[in-house]
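A.B. asks: Here it is, the structure, as structure tokens.
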Amino acid sequence: MSKGNSTQTARKFDFFDVLYKYGTLITIVILIAFFGIMSDGFLQGSNIINILRSISIVTIIAIGITISLSVDGFDLSVGSVASLANAVVISMFVWYGQNIVLGIIVAIAVSLIVGMLNSFAIVKLRIPDMLMTLAMMFIVQGIALTYTKGATVSENMVMPDGSFATGTISPLFAKLGQVPWIIIIMVVVVAIVHIFLNYTKHGRYMYVIGGNPEAAKLSGIAVNKYRVAAYLLSALFAAIGGIILASRVMTAEVNAGAPYLMDAVAAAFIGLSVLGSGKPNAIGTFVGAILIGVLQNGLVMMSVPYYAMDIVKGTVLALALALTYYKNKG
Amino acid sequence: MSDMKRSRIEMKKISIEFPGVKALKEVDFVTESGVSHALIGANGAGKSTLMKVLSGAYNHYTGEIFIDGKPVNIRSPKDAKDLGIQIVYQEVDTALIPYLTVGENIMLDETVNDMGGKQFVNWKEIHRKSKEVLARLHVPVSTKKLASELSLAEKQMVLIARAISKECKYLILDEPTAPLSHAETEELFRIVRDLKQANVGVIFISHRLPELFEICDDITIMRDGEFVIKEKIGNLAQNQVVEYMLGKKMDQQFPEHNITLGEKCFEVKDFGDGTSVHDVNMYVRKGEVVGIGGLVGAGKTELCKALFGLSKVRTGVLTLNGKRLTYKTPHAAVKAGIALVPEERRKEGILVSESVTVNLTAVSLGKFTSLRTFLNSKKEREISRQMIASLGVKTPNEQVKVKNLSGGNQQKIAIGKWLVGDAEVYIFDEPTKGVDVGAKRDIFELISGLAAKGKCVIYASCEMSELLGITDRMYVLYDGQVVKELETSKTNEEEILFYSTGGK
């Protein structure tokens, strides 16, 4: 017999509730204030731009993870997909001398193939999402490495036959990774996905599927179609992340996308608790990425060594998760 | 258990509060060993809560508990078990460990609590002891079988065996018969009688009145967290019990329903799902409520699901208004105008962590979009407010999460979403399961209203009184096949039961 708690109207001040809803935002404000006081350069406009630029790739990749989370899935392969897209787009320019449009299209197409494989294995073969995308992470990482033969792809690189690569990367492509475009792209991605998840029927269906796939199916929602779409979208955003990364560094280094995975996962999970939504959401993910970016930037300015950074990031993620799950338990 | 001295348990002025709800208000409860005692009340009356207090699931109640006049302190499940009070909860799967054997499951308490300094498990001993217990119950289940391979009824027997494997003076059964078939229920009753013989006090929570009259000696009735009456069950009639439960005279439960039937609308020919349902032939006319009767396990749920495009295989022909239906998924079935209110409400019918609005618009979201994409949330909320009013859903507003509503109100939402969706054929699978009497009436009215609008309604239930009350015609299923078509006005419970149990 379920006890109907519907009469629970008492609005007493609940510390945990406030912490849950505003904890992330409060933390960001405190951090900004703290770093602002501790180091002179932190609050300067150029540094703020710097932070936004530094989080843009993480945010875009994290948005992909957010979409996979919205159907109660999970995509661990996004970091590798970003590496692959990075390698493909740069090689298209440097090795094959293709133009921007074609390079980007090929990179995205390759990534979508990965997304399709993921969704086929998860939806049709019923492999648990976390395990399948973990396997896919290795596979794609290996493919990217094999494709580049373990080398860094860059303009004028030495080819295996001893000659030099002749292709060039157009300066227009380089613009994508520079301020303001990189920040604009990030904001546009966040805005589009926010609208998609909250104000379209497709987004609603995804949340419904994430909440109760069985009930969603029995409500006549095409569950599998949307799950496939979610993995395709997460691969798409990983690809965009990888392409932007390529334009920022203008090379394709070995496993360049891998380090973004954990930051992106952290951002998406921190985002769960933002404003008490309790659901994966684009704005929350953006806020999560800002939190990580502010932390990282501030710590660098305070001369904390880079190798200690992960300790702080991991701790922040654990605290954010504690907030989300402690609340869920109650 | 050997001494046949009657023991007596008394709970006095038990009160308990949960955030925002006073679940029990100074409830008194008395029972004895060797007696089976019915505890009954509508949903939310507090009977499960009271028994959870007795079995030590809560420690923040007030009031006193006495055994044989001596005050005892029950604040944890261990306290209760030490006093010989055992409980078997309704959700058997939560108490069993699926990948352990029957023997291990029965002896679980012992292996967890009574190992002392021993580090190694004595498998022989476990199987020997558990076999003994099962033999005492006359339950022929191998102790080597995995719990996951058992039927629901067997799982329950295993839990009862676990309860009596240790000293057991009082056994609480929380809605034990809800998922059981007729034969399994009989078997359970036999065990209850045996236990009574062995001087165990059985406390029996159930919604099914006839059962209680069959098996129980005493009855305690609760209402809204308060004690109403304790009586010898023989001194009360069934309708008196209902009156005490409701606190008012029960007016007619089923709505009047006089509709001129239209032509055949939904037809099912030689239909089957390849496994549990075969050769089903039936039709529904416009404005007709057609019942699917039969006992648990007869294939009612499977039939409903297959009709909704949910089975792996479908054979036979479905037609709606003369047009052949060829859908293969629920998604396509909904497009074709079929709606299903599934049996497992929380699992399949509603989205517990979403708002009432999201639930109500989930199947017809297309109606609330512009450019077939962007949601108009104002329109959504408006429709949802209308729905709440017309369904009589008790909720503070349309943004409340459905998990905060009571079972009956959740069911209204599960039905309501299809009313927003506007289908042609409505299939209801046990829609009143776990729903209190008041909400039941509302649901019957809804169904009757659908028929009045000329919809086809299929109503599957194992409650014969409901079939007799709400349907115009019914098909009785036995072993996955339609064995009889009955005209509701010309039949009775005995006849339905006769065909449901395989009579010819």
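Yeah, the Cβs are placed from backbone N, Cα and C, and that goes for glycine too.
No curator has checked TrEMBL annotations; they are predicted automatically.
The shown structure was predicted, so the numbers you read here are calculated from the model rather than taken from an experiment.
Pasting the feature list from TrEMBL:
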type: TRANSMEM; residues: A:20-39; note: transmembrane segment
type: TRANSMEM; residues: A:51-69; note: transmembrane segment
type: TRANSMEM; residues: A:102-123; note: transmembrane segment
type: TRANSMEM; residues: A:130-148; note: transmembrane segment
type: TRANSMEM; residues: A:179-197; note: transmembrane segment
type: TRANSMEM; residues: A:228-246; note: transmembrane segment
type: TRANSMEM; residues: A:258-275; note: transmembrane segment
type: TRANSMEM; residues: A:282-300; note: transmembrane segment
type: TRANSMEM; residues: A:306-326; note: transmembrane segment
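How buried are the listed features, and what sits near them?
C.D. replies: Listed as Cβ neighbours of the transmembrane segment (A:179-197) (distance under 8 Å, sequence separation of 6 or more from its ends, same chain) are residues 49, 52-53, 55-56, 59-60, 63, 66-67, 70, 203, 206-207, 237, 240, 244, 248, 281-283, 285-286.
For the transmembrane segment (A:228-246), the residues of the chain that approach it from at least six positions outside its boundaries are 56-58, 60-61, 63-65, 67-68, 70-71, 73, 75, 77-79, 81-86, 89-90, 104, 107-108, 110-112, 114-116, 118-119, 122-123, 173, 176-177, 182, 185, 189, 202, 206, 252, 256-257, 260, judged by C-beta separation under 8 angstroms.
Within its own chain, the transmembrane segment (A:282-300) is flanked in space by residues 24-25, 27-28, 31-32, 34-35, 38-39, 42, 47, 50-52, 54-55, 58-59, 62-63, 65-66, 190-191, 193-194, 197, 263-264, 266-275, 306, 308-309, 312-313, 316, 320, which lie at least six positions past its ends and keep a Cβ under 8 Å from the stretch.
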A.B. asks: Select the range from A:20-39, A:130-148, A:258-275 that forms the most Cβ-Cβ pairs under 8 Å with the transmembrane segment (A:51-69).
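C.D. replies: Going through each listed stretch, the top one turns out to be A:258-275.
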A.B. asks: Is the transmembrane segment (A:130-148) packed against any residues at least 6 beyond its ends, judged by a Cβ distance under 8 Å, and which are they?
C.D. replies: 74-77, 79-81, 83-84, 86-88, 91, 114, 117-118, 121-122, 252, 254-255, 258, 261
